[in-house]
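Chemist: Here it is, the structure in full.
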Amino acid sequence: MTQLSVVILAAGKGTRMYSDLPKVLHTVAGKPMVQHVIDTAKQIDAKQIHLIYGHGGELLQQRLSSEPVNWVLQAEQLGTGHAMQQAAPFFADDENILMLYGDAPLITKETLERLIAAKPENGIALLTVELENPTGYGRIIRENGSVVAIVEQKDANAEQLKIREVNTGVMVASGASFKKWLANLNNNNAQGEYYITDVIAMANQDGYKVQAVQASEFMEVEGANNRLQLAALERFYQKTQAEKLLLAGVRLIDQARFDIRGSLTHGKDVEIDVNVIIEGEVKLGNRVRIGAGCVLKNCEIGDDVEIKPYSVIEDAVVGKAAQIGPFSRLRPGANLAEETHVGNFVEIKNAQVGKGSKVNHLTYVGDAEVGSNCNIGAGVITCNYDGANKFKTIIGNNVFVGSDSQLVAPVTIADGATIGAGATVTKDVAENELVISRVPQRHIQGWQRPTKKK
């Protein structure tokens with residue numbers, strides 16, 4: 001099987017974005033456009049990915065530092081053909097070279113596999129798309145199924161203007177062919193640039209076949225040159241992902257008000273209300289219900305869990321039949337066992353909460369272990385930080401912590417203990433002990449409230 005290398009053009013400045021950020025680093029579904037393209041290139045088993053960079057190259061390399069790409073500098077942006085010329089020295093004669101664009105993030109593995117499979121032994125496979133309104137695009141001229149020319153709008157005659165099949169710029173050819181044609185490109189045109197589309201005419205002159213393959217959807221090959229086009233790509237992507245989830249059995253209350261910025265694995269009878277955002281890798285069990293306005297990132301949610309509105313869960317695990325929210329925050333390292341309750345304005349970070357325990361109101365639990373069947377009252381704080389270091393709070397099983405208590409770590413509260421409301425606990429508590437540390441209540445007879453001065 002012929003090896004494949006991919007060239008991704010990513011040197012453009014993106015002037016119409018009106019941004020200091022390189023164009024290809026603008027995001028779709030929470031991920032830079034060029035990252036989408038790199039990920040797709042990996043899926044088709046590219047031996048090598050050559051990334052052409054220019055404007056904002058330092059930032060681009062910083063953001064993609066973990067990617068195994070060959071960085072190729074295009075110091076001057078003199079057209080698509082010029083960009084390919086910079087990568088040509090790295091091409092092996094006997095490999096296939098696939099040319100992609102860093103600002104066209106939605107191209108799919110399946111489309112690229114069809115394109116590569118269609119490449120003639122000696123020739124080019126060119127990706128095209130059919131448009132309802134092809135105005136402004138180069139028309140594909142065919143003879144006997146083979147592409148013989150790409151005619152730009154301004155050069156097309158009346159018959160050619162009726163053609164709806166247009167060029168996307170995505171193509172695949174052998175390394176030897178590309179090197180030959182790229183060496184013969186010239187910039188004798190109004191823009192003074194080197195156009196990759198000129199290789200189509202060269203291939204025909206050499207007697208090579210140019211095979212066109214049509215993309216099934218225009219948005220798959222659409223690029224983003226401005227914020228409006230970027231927003232259109234985002235909406236198309238979200239619509240596509242929502243439709244996949246609906247067809248897989250997830251109930252989305254309103255598919256137009258749901259965003260996924262990663263991957264979602266789910267069980268049966270999952271229900272997701274409006275304005276929910278999924279980020280990173282999220283796993284939902286069976287019969288999970290997610291209320292409006294929740295954000296879930298890199299988390300695992302067990303069967304029969306209810307997440308009430310406006311809760312945020314990040315890098316956390318929630319056990320079966322738990323109830324979360326509304327307005328709860330689970331931070332990285334939160335691990336909730338089965339049948340736990342976490343209520344409104346509760347924050348849990350780097351803590352384990354045992355089966356059946358309840359943390360229902362206005363509470364912070366951080367760097368802690370909470371046993372099973374505990375009740376943590378409203379306003380309880382685990383004081384885990386002394387300004388320099390963090391310390392752990394350990395709470396056993398069947399512990400009751402009264403409202404407005406402070407547990408100053410490091411501290412251990414053993415099984416069955418009761419902490420009276422308003423206590424400040426600085427020492428370990430033994431099993432079944434009651435701790436009270438409040439000022440004795442005073443009664444002042446005949447007290448008169450102050451009155452306002454007139």
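One-based numbering along the chain as shown.
The backbone N, Cα and C atoms fix where each Cβ goes, and this holds for glycine too.
Sharing the features that Swiss-Prot gives for it:
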type: REGION; residues: 1-227; note: region 'Pyrophosphorylase'
type: BINDING; residues: 9-12, K23, Q74, 79-80, 101-103, G138, E152, N167, N225, R331, K349, Y364, N375; note: UDP-N-acetyl-alpha-D-glucosamine binding site
type: BINDING; residues: D103, N225; note: Mg(2+) binding site
type: REGION; residues: 228-248; note: region 'Linker'
type: REGION; residues: 249-454; note: region 'N-acetyltransferase'
type: ACT_SITE; residues: H361; note: active site, proton acceptor
type: BINDING; residues: A378, N384, Y385, S403, A421, R438; note: acetyl-CoA binding site
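I'd like these features described in context: how deep, what's nearby, how far apart.
Modeler: D103 (Mg(2+) binding site) falls outside any helix or strand according to DSSP and counts as coil. In sequence order, A10, G12, G14, K23, V24, M33, V34, G223, A224, N225 are the residues near D103 (Mg(2+) binding site), counting only same-chain partners six or more apart with C-beta under 8 A.
Around N225 (Mg(2+) binding site), a 10 Å sphere centred on its CB holds 15 further CB atoms from the protein chains shown.
For the region 'Linker' (228-248), the list of distant contacts is 17, 26, 28-29, 33, 105-106, 219, 222, 255-256, 258-260, 264, 266: same-chain residues at least six beyond its ends, Cβ to Cβ under 8 Å.
For H361 (active site, proton acceptor), the same-chain residues that are 6 or more apart in sequence and have a Cβ closer than 8 Å to its Cβ are G343, N344, F345, V346, G377, A378, G379.
When secondary structure is read from DSSP and collapsed to three states, Y385 (acetyl-CoA binding site) falls in the strand class. All protein chains shown were included, and the count of other CB atoms within 10 Å of the CB of Y385 (acetyl-CoA binding site) stands at 12.
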Chemist: Provide the three-state DSSP residue tally for the region 'Linker' (228-248): helix first, then strand, then coil.
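Modeler: Taking each residue of the region 'Linker' (228-248) in turn, the totals are 20 helix, 0 strand, 1 coil.
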Chemist: If I restrict to non-local contacts, at least six residues apart, and a C-beta distance under 8 angstroms, what lies near R331 (UDP-N-acetyl-alpha-D-glucosamine binding site) in its own chain?
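Modeler: Counting only residues 6 or more apart in sequence, the Cβ neighbours of R331 (UDP-N-acetyl-alpha-D-glucosamine binding site) under 8 Å are E314, D315, A316, E347, I348, K349, N350.
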Chemist: Name the residue among the binding-site residues G79, G102 whose Cβ has the smallest number of other Cβ atoms within 10 Å.
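Modeler: G79, out of the binding-site residues G79, G102, has the fewest neighbouring Cβ atoms within 10 Å.
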Chemist: Just to verify: the residue among G12, N375, S403, R438 with the fewest other Cβ atoms within 10 Å, which of the binding-site residues is it?
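Modeler: Least crowded of the binding-site residues G12, N375, S403, R438, by Cβ count within 10 Å, is R438.
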Chemist: Same chain only, sequence gap of 6 or more: which residues have a CB within under 8 Å of the CB of L9 (UDP-N-acetyl-alpha-D-glucosamine binding site)?
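Modeler: Looking at Cβ-Cβ distances below 8 Å from L9 (UDP-N-acetyl-alpha-D-glucosamine binding site), excluding near sequence neighbours, one finds I52, T80, A83, M84, M99, L100, Y101, G102.
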Chemist: If you count other CB atoms within 10 A of each CB, which of A378, A421 wins among these binding-site residues?
Modeler: A378
